[in-house]
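Straight from TrEMBL, the features:
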type	residues	note
TRANSMEM	B:16-34	transmembrane segment
TRANSMEM	B:54-72	transmembrane segment
TRANSMEM	B:103-122	transmembrane segment
TRANSMEM	B:129-152	transmembrane segment
TRANSMEM	B:172-196	transmembrane segment
TRANSMEM	B:226-245	transmembrane segment
TRANSMEM	B:257-274	transmembrane segment
TRANSMEM	B:281-304	transmembrane segment
TRANSMEM	B:310-329	transmembrane segment
REGION	B:337-356	region 'Disordered'
Amino acid sequence: MTTTPLAARADRAWWRVPPRHVPVLATLALLLVMYGVGVSQYRAFSNVQVVFNIFIDNGFLLVVAVGMTFVILTGGIDLSVGSVVAMTAMVSASLLRSGLPPALVLLIALLIGPTLGFAMGCVIHFFDIQPFIVTLAGMFFARGMCTWISASSIPITDGFWTTMAQERIRIGESFVSISVLIAVAVVLLAAFVLAYTRLGRNVYAIGGNPQSALLMGLPVARTKIAVYTISGLCSAIGGIMLSFYTLSGAPLIAVGMELDVIAAVVIGGTLLTGGSGYVFGTVLGVLVLGVIQTLITFDGTLNSWWTKIVIGGLLFAFILLQRLVGIRKK
Amino acid sequence: MSTLRSRLPAVTGHRLFWPLVVLVLLIAANTVYRPSFLSVELKNGHLYGSLVDILRLSAPLILVALGMSLVIATGGIDLSVGSVVAVSGAVACLYISKQPDQNSLGGVVTALALAFGVALLLGVWNGTLVAVIGIQPIIATLILMVAGRGLAQLVTQGQIITVNSDPYRTIGVGHLVGLPFAIIVALAVTLLVAVLTRRTALGMIIEAVGGNAEASRLAGVRARRITLLVYVVSAACAGIAGFMMTANVSSADGNAAGLWVELDAILAVVIGGTSLAGGRFYLGGTIVGALLIQTLTTSVYAMSIDPQTALLFKAVVVIVVCLIQAPAFRARLRRRAATPTPPTTPAEQQKEQVPA
């Protein structure tokens with residue numbers, strides 16, 4: 001648990017990977033196999049744009065999943081993310097419609113998510129109520145706010161938003177959207193925070209054993225509240241990206257997204273008991289979901305419900321794998 | 001005065017006090033808004049009225065919440081109930097729709113048996129993952145929650161299957177001795193579960209497993225078998241609830257049937273005073289919780305508020321009830337009432353004192 005990858009590598013033969021890396025490597029292998037199957041079956045699949053499109057279509061999912069990784073690493077869970085994404089998109093759409101300048105709208109929209117996350121984190125820590133129930137209430141609250149703002153979808157016509165939606169950044173023959181750049185920036189920042197800062201160390205420590213973390217004098221309260229705030233911020237950024245993507249705010253958008261996000265994090269090899277996992281794994285998890293969707297779209301004969309069945313099957317396989325790794329470690 | 005003062009904490013401290021207060025307040029608010037809310041009338045020997053409607057519509061939720069209480073008592077959680085509802089409803093409706101005579105009782109009974117069997121299988125799957133393989137319950141059931149929706153849509157081929165069968169409709173909207181059939185089924189299952197758990201040692205054994213699975217195993221309880229059993233019971237309850245929900249609208253929709261029911265059920269259990277940490281369960285509290293949630297939903301519809309906005313009210317109720325029940329919050333309030341400046345004690349200390 002406490003051995004760093006470097007130390008682990010020193011006392012083992014170089015080809016033996018540390019057990020905590022096995023789930024991430026398995027995900028990577030699965031991703032490569034699935035991509036290989038896609039390329040061998042469909043000629044158009046090898047186009048680089050297909051890969052970029054996966055990022056373009058799942059950029060907001062990626063950002064939200066990064067926030068969820070922080071929460072799950074501490075052993076908590078955040079069910080409110082989907083609703084907060086929708087609420088952020090709704091608030092920005094309705095504020096833009098009422099004629100506020102885009103910069104102010106962005107600021108307000110980016111403040112709502114972290115505020116709600118901060119409030120939930122406080123309730124979870126100070127009143128000792130399960131994260132599951134508190135974030136469930138947060139999910140109801142945010143979804144209710146969406147319909148309270150407007151029961152129907154609000155289109156966004158603001159110039160800044162349409163530019164962000166339509167701007168194409170060319171990379172060779174292909175292109176990505178600005179959202180992809182935002183997502184990549186968030187991923188890099190999160191990976192840095194988790195690996196090299198005091199906050200990141202505290203997150204892993206609390207997930208490993210909250211009691212020991214408290215006895216060691218680590219700031220458990222501050223860290224716990226911080227992860228829910230971070231998750232709220234990531235959901236808010238995800239919401240803005242979704243509003244760039246769809247150019248509207250709809251009250252029922254991103255319903256059930258929290259499940260996709262949790263599935264991506266688990267497939268990415270993060271333990272739901274907390275204490276072990278990487279942002280890089282989460283990126284792979286999101287990509288696996290994206291490739292499944294792309295494969296099903298390319299196939300054309302499979303129906304959308306196969307996505308759910310396949311994701312369920314993958315969840316099963318990866319949890320079984322985590323379990324096996326855990327047993328071998330003991 | 002002194003007896004009142006000594007009895008008051010006993011009454012307000014009871015775990016059902018606050019849920020019941022909220023329930024009465026909701027009914028009172030409804031009566032103020034629409035005075036006819038409380039009236040129950042007899043038509044053709046059947047009882048009709050808003051209260052009867054609430055009872056009838058809460059029947060599936062009561063069933064699902066019953067199974068959920070047992071699962072939560074073992075320290076687990078079952079997120080897959082919504083998907084089990086969808087699958088069992090879809091299987092039953094598919095079988096009935098394939099029958100030449102949809103009104104034949106035999107066909108409907110076969111359909112119910114078939115769908116119930118599928119629900120039991122799904123329960124065994126959940127139970128095996130948790131009890132035998134040893135996966136965390138929240139994740140183990142998450143698998144079926146995601147995949148089960150897909151299975152239900154696979155069964156219905158993405159369509160909404162409509163059935164035109166009177167015997168099947170009876171499950172949802174029929175009457176027996178003046179009362180809605182659904183509520184009689186829910187009552188019967190409740191009684192069965194209550195007798196089995198509270199008149200035999202089963203309930204205590206379930207609580208022992210929830211308190212400490214390893215200790216109970218060493219004490220001679222077959223902890224694995226009990227854990228497997230509660231997931232099967234939960235899926236069975238969800239299966240019956242699936243019949244009620246699909247019979248209510250005479251159609252099965254793999255996407256929408258039983259959506260969010262797992263959340264409502266967990267809420268009902270928590271409102272009823274059962275701790276998510278396991279080790280204790282209160283069936284009576286669960287039923288009050290389920291009634292509270294259904295009353296809230298119905299009153300929101302009755303006051304013609306957007307059903308989605310109803311979630312706002314639900315959020316407020318959840319947080320209020322959970323806060324009132326949270327020992328840390330109560331201790332804080334009590335301290336504030338005693339001394340003007342509350343000292344901040346870590347929440348961890350409070351946690352130790354509570355589970356009893």
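The backbone N, Cα and C atoms fix where each Cβ goes, glycine too.
Automatic prediction, not curation, is the source of TrEMBL annotations.
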Region pair the transmembrane segment (B:54-72) / the transmembrane segment (B:281-304), three or more CB pairs under 8 Å: yes
Criterion met for the transmembrane segment (B:310-329) and the transmembrane segment (B:172-196) (at least three Cβ pairs under 8 Å): no
For the transmembrane segment (B:16-34): best-contacting stretch of B:103-122, B:129-152, B:226-245, B:257-274, B:281-304, by Cβ pairs under 8 Å: B:281-304
Contact ranking winner - B:103-122, B:172-196, B:226-245, B:257-274, B:281-304 against the transmembrane segment (B:129-152), Cβ under 8 Å: B:226-245
Cβ contacts under 8 Å made by the transmembrane segment (B:172-196) with residues that lie 6+ beyond its boundaries: 42, 45-47, 52, 55-56, 58-60, 62-63, 66, 70, 202-203, 233, 237, 240, 243-250, 283, 287
Ranked first among B:103-122, B:226-245, B:281-304 for CB pairs under 8 angstroms with the transmembrane segment (B:257-274): B:281-304
Chain residues in Cβ proximity to the transmembrane segment (B:226-245) (below 8 Å; excluding those fewer than six residues from its ends, i.e. six or more beyond): 59-61, 63-64, 66-68, 70-71, 73-74, 76, 78, 80-82, 84-89, 92, 112, 115-116, 118-120, 122-124, 126-128, 130-132, 141, 168, 171-172, 182, 185, 189, 193, 205-206, 209, 213, 257-258, 261
